[in-house]
Amino acid sequence: MAWQGMAAEFLQVPAVTRAYTAACVLTTAAVQLEILSPFQLYFNPHLVFQKFQVWRLFTNFLFFGPMGFSFFFNMLFVFRYCRMLEEGSFRGRTADFVFMFLFGGVLMILLGLLGSLFFLGQALMAMLVYVWSRRSPQVRVNFFGLLTFQAPFLPWAILGISLLLGNSILVDLLGIAVGHIYYFLEDVFPNQPGGKRLLLTPHFLKLLLDPPEEDPNYLPLPEERPGTHLPPPQQPSHNGAPAFPRPAGPGIFPFV
């Protein structure tokens, strides 16, 4: 019963958060069980573009290292802030949310080539946290019961934790940089004099992922309008003459 409750709760999580979190956990579990090897997952441009191992463009975002404190720490922040973005500023805009992932992933791979970075999942997590923090500047964050501060300081607190854990902060800095580029292009530049939106979600993604938009010019049929019902049929009077229509009762609107 407990598993059924957990499964039902997990199915209520928005689709993108659910899919990405599940993919990360399953990939790490497969490595832990020695079904997969990290050498099959890491980003290697030679293997991608010359050996056509294109899956490495995606799998390098799914592996967060062996199961341990660092893995659960990263999964906690991925799940929490990915979900908060999807249910908050991206609510009803699944295509835009997926496009943010694609934009961030491509930019991280291009910049990661300069730093010889092989796994970029932690950078993607840092980007998600950064975008959420900049869109929620007034929110106060309680950081594991130790510190309380405004949301824009959260990415830097996570960077400090990575430093204490002995991880390379270059990955976190990459995620913060890409998150800032996205935030600037999406939220800042369009609101500047002469600015405009430069990140336009492809139309096919909207058709594939977003619910169809309602036509503003569509006029529903009378029977589809709330509170509108068909008038009762006119019954002939006893002398054969048609009866006068009765007045409509409360909440019922006759045809005009």
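Backbone N, Cα and C atoms are what each Cβ position is placed from, and that goes for glycine too.
What TrEMBL lists as transmembrane segment is 20-43 (among others).
Taken from TrEMBL, the feature transmembrane segment covers 55-79 (among others). Outside the transmembrane segment (55-79) by six or more residues, the chain places 17, 20-21, 23-25, 27-29, 31-32, 38, 40-44, 47-48, 105, 109, 118-122, 124-125, 128-129, 158, 161, 165, 167 with a CB less than 8 A from a CB of the stretch.
Listed as Cβ neighbours of the transmembrane segment (99-132) (distance under 8 Å, sequence separation of 6 or more from its ends, same chain) are residues 16, 20, 24, 38, 41-45, 57, 60-65, 74, 77-78, 81-82, 84-85, 88, 90, 151, 154-155, 158-159, 162, 167, 170-172, 174-183, 186, 199, 201-202, 205. Per TrEMBL, the feature transmembrane segment maps to 99-132 (among others).
Marked as transmembrane segment by TrEMBL: 164-185 (among others).
Annotation comment: TrEMBL describes 217-256 as region 'Disordered'.
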